[in-house]
Amino acid sequence: MSINSSKQPASSAAGLIANTTCQTENRLSVFFSIIFMTVGIVSNSLAIAILMKAYQRFRRKSKASFLLLASGLVITDFFGHLINGGIAVFVYASDKDWIRFDQSNILCSVFGISMVFSGLCPLFLGSTMAIERCIGVTNPLFHSTKITSKHVKMILSGVCMFAVFVALLPILGHRDYQIQASRTWCFYNTEHIEDWEDRFYLLFFSSLGLLALGISFSCNAVTGVTLLRVKFRSQQHRQGRSHHLEMVIQLLAIMCVSCVCWSPFLVTMANIAINGNNSPVTCETTLFALRMATWNQILDPWVYILLRKAVLRNLYKLASRCCGVNIISLHIWELSSIKNSLKVAAISESPAAEKENQQASSEAGL
């Protein structure tokens with residue numbers, strides 16, 4: 001498709017959408033868009049501050065690599081809210097009149113690129129974090145010697161560049177991103193699918209997203225099973241496993257949030273790609289799936305805000321007090337210190353220790 005012909009879909013799509021647009025309340029949609037954008041930006045900003053502070057405090061390799069990837073994920077969510085939310089509010093404020101403010105289809109293309117990138121990149125980073133933790137738990141020697149912060153930064157850059165490449169594929173193939181039926185967002189062509197290329201972009205996007213979720217699930221399952229086996233087999237290195245446990249809990253929460261939020265949208269896009277113009281998917285269904293996917297960028301930062309040792313410890317104490325249970329300062333992250341205390345007590349009660357104490361007291365008497 002030539003560049004001149006690529007400019008035509010903006011106006012033609014807008015004309016077709018005029019008859020198939022979703023019936024949405026403009027004022028209510030503007031209000032919710034502003035609320036979602038504000039909450040997302042504030043939440044991700046708070047999570048970025050927490051992760052950066054944790055990265056400065058924990059310089060150990062096993063923690064630093066995870067925190068770098070987590071920071072990249074939250075920063076991606078932050079800019080996704082900032083760009084996508086800002087464009088959406090502008091579209092609503094302009095009464096969704098794309099022909100008037102975007103005749104050249106530039107804004108729609110930017111919107112579509114940002115939608116694809118901010119959708120796939122967090123999923124890719126989530127699977128990368130799961131792989132990193134799986135290696136750290138199953139092969140700690142290789143992780144500590146081969147996976148450095150420099151390597152993690154290179155991997156982070158590579159993941160982001162691949163997500164950018166996927167987002168730019170339609171532009172490189174001289175295809176425009178299309179205004180969707182609700183006239184509030186832009187994405188791949190989901191209406192009036194003409195050829196295999198339209199189906200390819202939708203299937204490629206859905207396949208990559210579902211693959212990332214599958215990798216996260218597999219790696220987290222292996223990590224969890226390994227930690228359980230080590231726990232029952234040996235009681236050494238509790239403190240090291242406590243860091244693994246905290247990060248795995250966060251990974252499981254991210255995976256659950258991503259699956260719940262993104263699966264409907266990914267399956268919907270795959271359904272449209274497979275069935276084409278005969279797809280039973282309605283505009284309202286697609287818009288609902290999109291809004292669920294948007295919630296992923298809001299919930300992701302709260303995983304790092306809430307699922308921290310200090311917060312969980314306080315929540316545990318609060319819940320126990322509310323239930324009327326007497327609390328002993330005992331939780332999973334303090335087992336190592338208790339074990340060390342027991343070891344010290346056992347050594348102090350041994351005969352050798354008693355002799356040393358008697359010699360020390362006699363010398364003190366002299």
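We count from 1, first residue shown onward.
Keep in mind that glycine also has a Cβ here, set from the backbone N, Cα and C atoms.
Feature list (source: Swiss-Prot):
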TOPO_DOM  1-31  topological domain 'Extracellular'
CARBOHYD  N4  N-linked glycosylation site
CARBOHYD  N19  N-linked glycosylation site
TRANSMEM  32-55  transmembrane segment
TOPO_DOM  56-69  topological domain 'Cytoplasmic'
TRANSMEM  70-90  transmembrane segment
TOPO_DOM  91-109  topological domain 'Extracellular'
DISULFID  C108-C186  disulfide bond
TRANSMEM  110-131  transmembrane segment
TOPO_DOM  132-152  topological domain 'Cytoplasmic'
TRANSMEM  153-175  transmembrane segment
TOPO_DOM  176-198  topological domain 'Extracellular'
TRANSMEM  199-224  transmembrane segment
TOPO_DOM  225-250  topological domain 'Cytoplasmic'
TRANSMEM  251-267  transmembrane segment
TOPO_DOM  268-285  topological domain 'Extracellular'
TRANSMEM  286-307  transmembrane segment
TOPO_DOM  308-366  topological domain 'Cytoplasmic'
The recorded stretch from 32-55, 70-90, 110-131, 153-175, 251-267 sharing the largest number of CB pairs under 8 A with the transmembrane segment (199-224) is 110-131
* So, do the transmembrane segment (251-267) and the transmembrane segment (32-55) meet, by the test of 3 or more Cβ pairs under 8 Å (sequence gap 6 or more)? -> no
Here the stretch out of 32-55, 70-90, 153-175 with the most C-beta pairs under 8 Å to the transmembrane segment (110-131) is 70-90
Mean pLDDT across the topological domain 'Cytoplasmic' (132-152) comes out at 85
Per the Cβ under 8 Å criterion, with at least 6 residues separating them from its ends, the topological domain 'Extracellular' (268-285) contacts 20-22, 180-182, 188, 190-193, 198-200, 202-203, 205-207, 210
In DSSP terms, the topological domain 'Extracellular' (176-198) comprises 3 helix, 4 strand, 16 coil
